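Engineer: Let me begin by handing over the structure; questions about it come next.
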Amino acid sequence: MPKESSPFINNTDNDKGNLYDGKNMALFEEEMDSNPMVSSLLNKLANYTNLTQGVKEHEEADDDEGPAKTKKPVKPLPCTSDSYCLIIIMTKVIMTKQMAVVVTNSVPHCWSVAGGSYYMISRSLGPEFGGAVGLCFYLGTTFAGSMYILGTIEILLTYIVPSAAIFKAEKKEDEAEALLNNMRVYGTCCLTLMSLVVFVGVKYVNKLALVFLACVILSILAIYAGVIKTAFEPFFVCQIICLLGNRTLQNHNFDQCLKTMEVDNVTVTTKLWSLFCDSPDLNATCNEYFTLNNVTVIQGIPGLTSGVIRDNIWGDYGPNGMLVENKHQASEPAADTSQDIYMPYVANDITTFFTLLVGIYFPSVTGIMAGSNRSGDLRDAQKSIPIGTIMAIATTTFIYISSVILFGACIEGVVLRDKFGDSVKGNLVIGILAWPSPWVIVIGSFFSCCGAGLQSLTGAPRLLQAIARDGIVPFLQVFGHGKANGEPTWALLLTGGICEIGILIASLDAVAPILSMFFLMCYLFVNLACALQTLLRTPNWRPRFKFYHWALSFLGASLCLSLMFISSWYYALVAMLIAGCIYKYIEYRGAEKEWGDGINGLSLNAARYALIRLEEAPPHTKNWRPQMLLLLNLDSDHAVKHPRLLSFCTQLKAGKGLTIVGSVLEGTYMTKEAEVKKAEQNIKSSMTTERTKGFCHVVASSNLRDGFSHLIQTAGLGGMKHNTVLMAWPGTWKQSNDPVSWKNFIETVRETTAAHQALLVAKNVDSFPTNTDRLGQGTIDVWWVVHDGGLLMLLPFLLRQHKVWRKCKMRIFTVANMDDNSIQMKKDLQMFLYHLRLDAEVEVVEMCSLYDIWPPLLSGCVCGTGQHGPQIQSITDSSRSSIRRNNQTGASGSESGPSRELEDTQEDEVAQLIHDRNTASHAALNDKADAGPDRVHMTWTKDKFLTERNRNRAEANMGVRDIFNMKPNQSNVRRMHTAVKLNEVVVNKSQGAHLVLLNMPGPPKNRGGDENYMEFLEVLLEGLNRVLLVRGGGREVITIYS
């Protein structure tokens, strides 16, 4: 990936020579061309006069758009009641096709054994969707049983034996509550009886099914016979409706629709008079509306040729308590309407609107899956179910549509809106229309509801048993058991309990929308399953039913979703919430099942599409986040050596972005296959323990260096590749006699740099906090020495998003040279952090340069390997001793006064040590001929150096070379000085910090100095507990722009 063009990284300005004068930062001098000193760039960073890559183009793109185009307002489409009816019909037809497709692509026996539609959805969309929709379908079937039982009791108490009511209303306004209480009592008894029948055996239910079907067919034929008879004899049904003004009256307590009548030439009052007046006398005080309006009679069922369909074609909905009125009748309104609720008027018992009626009506079309749920009883289900379901839907669709039209053409509107038939003496309205007798409809409706209730109580427990046996919902497993013959006893008990809830609700109008939601959700996911399998071209998706297109599935799903919100938006939201909770529960606690579901195929397609999109362009700076490659070391048992590294990765990533955990085993894959798999299992187990979400990859390679190189180069896929490498510091490199460990480490650093990837190296990683730890008040200290893209700023922010580091404060330190304006640097850094919207304390640390104090000592050094190699080790050991002494002193002292004297003393010691070591080396090379004493004790000053240099020039013809020409490499000395001084400052400021983040110097270009490089890093990290060395990837990773 090419480096990002940036004003801060890879700066090629002509004035860069003036920017990199930090002679006391020699550890970073080889990379100054790409990673400038922070002190030299803070002014630009604070002002942010230059834009990072993508920002300028983003703003230019905004400018190119020009003024926003004015959109014309979109006019809403008209919506009528007919469109909703069309939605229901289309939903049925489309669902029929989906069922035909699904059934012809599966083994039907599995359907009946494993739960019918639940089996198809779970195997197509996965256990999470299958379990969620299956339980919703179960609840819908259970509440359907409640609805059918309530319908049975309503027919029984309203039309067959009204005298059997236990609760009777003394007042008119108490009639609705009394009816609900009666339905609760009788409904509970009916539920108990039906549950016993189902418990005894399904064979009895199957035998009764034929009787119930015969009753339904006879009822339908009786209705059509009555309609046909009204066409030839319009008034063969002489059913009189009594109106007062334009208000419909309840015809229970009077025989004649008259106020008064003549009996033996004497005017007497009627029973109707007594209902509106306080006495039967002609001079009694009567209701005002009764006094102002006359009573009239109309034919309740005028017949097919009467033309009432012109009035009934339009809706007439209203609130609860609205009186049912005939708009064509004259009426004188009364001033006082407060007593109307106590008068015998026909009124709405609920608030009516079309969408509510859709929800109430929809359960009549929920039998689409009846055939599939009983497919095990068919000889050739793949042939019978499509034909049978299509014919059944076609038949019922014809019956429903023709019935609606014929009822509207034959029956007066006020009678159609009379829910309980109060205007026709409490009779069933459709029963009055039927021929030869109303009892055909009453008995047929009663047994139809009984049969449907038994079918629901038979199917729902089996569906629950299938879900429980699949084991996807752990707490439901007890319901998978039953009797010896497989009957779901425990599931039947739960079904009866839930069904009782619907019966206690008691209102058909309240229960019907509930089951509509659950059925619609099931149909919605059946459509989605068909569309998904078709679009993904799943190899196993080979339905025999060919008259199908995926667009029909999406249309069906859209219609189902529309009907859910049309019927009742709040019930729809509750049903979706229940399904969502079940989905998340199964995802979190459910058993893992591999059913080859379509969601996996969808995930693969989505991943492929996303990877192709990601590869089109590199991520914008605003979207950059560390995509981690975590390099792990394994012990002899192939277990993870440093599991805390996984914890730290989890805390840094917080489950976002890419994490690849890799390791290398030495050898070939042919010989190490078993060990590779074992190592992968161990790593995955550790990832689970440490809550690290990502991928694991273990490779076998001839050597570790090549293996880690292959991982760095090839890990990831397409645009989803890592941009950051995280590894542990090789803490035992000095104790090991084999240099391979530290050489592999340095080569990994070089390869990440060459690959333009960021590098994070954690020292003392075993002391890092676990995911269960909660760090108290403390700090995350950032030592920002060179600017390499802003990764040092981003990492503490990401860490503080995790609960382990949330209470830690962020502190940023930067280093100033002697000629820098520290006060201005601090202001610039504070302004830069303000623009970045980062909350951190800022401190600028001044460091004097050993080069500035003793330039003669450091100016003439030549790098030596051979016998000079141990000299750096000697300098390191002496420096560490000095550091330990200074750390102990600095812990109780301040930076000024004695601390400054301590720094001067240390620098004197380093200079004297370098001189002494090289003087001895020089003497050994020249057989101690003219070299002077073995140890030269002197203190270096500038004047002494000038004198010495002049003396050397005067004695240039001497055979023995000048002792200063044999001193260690000038660069190595300056780097050691940087490590010593920077470590001293960091330890002094950040020894108590929870975590220290520090710029990681790059390795030397000359591989001969690799061991010295490791010594420099050791000195740099001396005395610090938790350290994270950070190297940028050569691009900006943080920006002030939102």
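Each residue, glycine too, has its Cβ placed from N, Cα and C.
Just so you know, TrEMBL annotations are computer predictions that nobody has curated.
Dumping what TrEMBL says about this protein:
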type     : residues : note
COMPBIAS : 871-889  : compositional bias 'Low complexity'
DOMAIN   : 84-227   : domain 'Amino acid permease/ SLC12A'
DOMAIN   : 348-629  : domain 'Amino acid permease/ SLC12A'
DOMAIN   : 643-761  : domain 'SLC12A transporter C-terminal'
DOMAIN   : 772-842  : domain 'SLC12A transporter C-terminal'
DOMAIN   : 966-1042 : domain 'SLC12A transporter C-terminal'
REGION   : 1-20     : region 'Disordered'
REGION   : 869-907  : region 'Disordered'
TRANSMEM : 129-150  : transmembrane segment
TRANSMEM : 183-202  : transmembrane segment
TRANSMEM : 209-227  : transmembrane segment
TRANSMEM : 350-370  : transmembrane segment
TRANSMEM : 390-416  : transmembrane segment
TRANSMEM : 428-454  : transmembrane segment
TRANSMEM : 490-508  : transmembrane segment
TRANSMEM : 514-535  : transmembrane segment
TRANSMEM : 547-564  : transmembrane segment
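Describe each of these features in terms of where it is and what it packs against.
Structural biologist: In terms of DSSP secondary structure, the domain 'SLC12A transporter C-terminal' (643-761) contains 58 helix, 26 strand, 35 coil.
When pLDDT is averaged over the domain 'SLC12A transporter C-terminal' (966-1042), the result is 84.
Sequence-distant neighbours of the transmembrane segment (129-150) (same chain, 6+ residues past either end, Cβ-Cβ under 8 Å): 115, 117-118, 121-123, 183, 187, 190-191, 194, 363, 366, 449-450, 452-453, 456-457, 459-460, 463-464, 466-467, 470, 472-473, 495, 498-503, 505-508, 511-512, 514-519, 521-522, 525, 575, 578-580, 582-583, 586, 590, 597, 599.
Sequence-distant contacts of the transmembrane segment (209-227), counting only residues of its own chain at least 6 positions beyond either end whose CB sits under 8 Å from a CB of the stretch, comprise 237, 304, 399, 403, 406, 410, 430, 433-437, 440-441, 443-445, 447-448, 450-452, 455.
Same-chain residues lying 6 or more positions outside the transmembrane segment (428-454) and placing a CB less than 8 Å from one of its CB atoms are 144-145, 148-149, 151-152, 155-156, 159-160, 190, 194, 197-198, 205, 208-209, 211-213, 215-216, 218-219, 222-223, 225-227, 229-230, 237, 239, 300-301, 407, 410-411, 415-416, 418, 421.
Listed by sequence, the residues of this chain that lie at least six past the ends of the transmembrane segment (490-508) yet keep a Cβ under 8 A from its Cβ atoms are 139, 142-143, 145-147, 149-151, 154, 180-181, 183-184, 187-188, 191-192, 195, 198-199, 360, 457, 460-462, 464-465, 468, 478-482, 514.
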Engineer: So which of 348-629, 643-761, 966-1042 is most in touch with the domain 'SLC12A transporter C-terminal' (772-842), counting Cβ pairs under 8 Å?
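Structural biologist: That would be 966-1042.
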Engineer: So which residues does the transmembrane segment (390-416) touch in its own chain, when a touch means Cβ under 8 Å and the partner is 6 or more beyond its ends?
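Structural biologist: For the transmembrane segment (390-416), the far contacts come to 85, 89, 92-93, 96, 100, 220, 223-224, 227, 230, 241, 243, 248, 298-304, 306, 308-309, 311-313, 316, 324-326, 346, 364-365, 367-368, 371, 423-424, 429-430, 433.
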Engineer: Please list the DSSP helix, strand and coil residue counts for the domain 'SLC12A transporter C-terminal' (966-1042).
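Structural biologist: Once the DSSP states are binned, the domain 'SLC12A transporter C-terminal' (966-1042) shows 37 helix, 10 strand, 30 coil.
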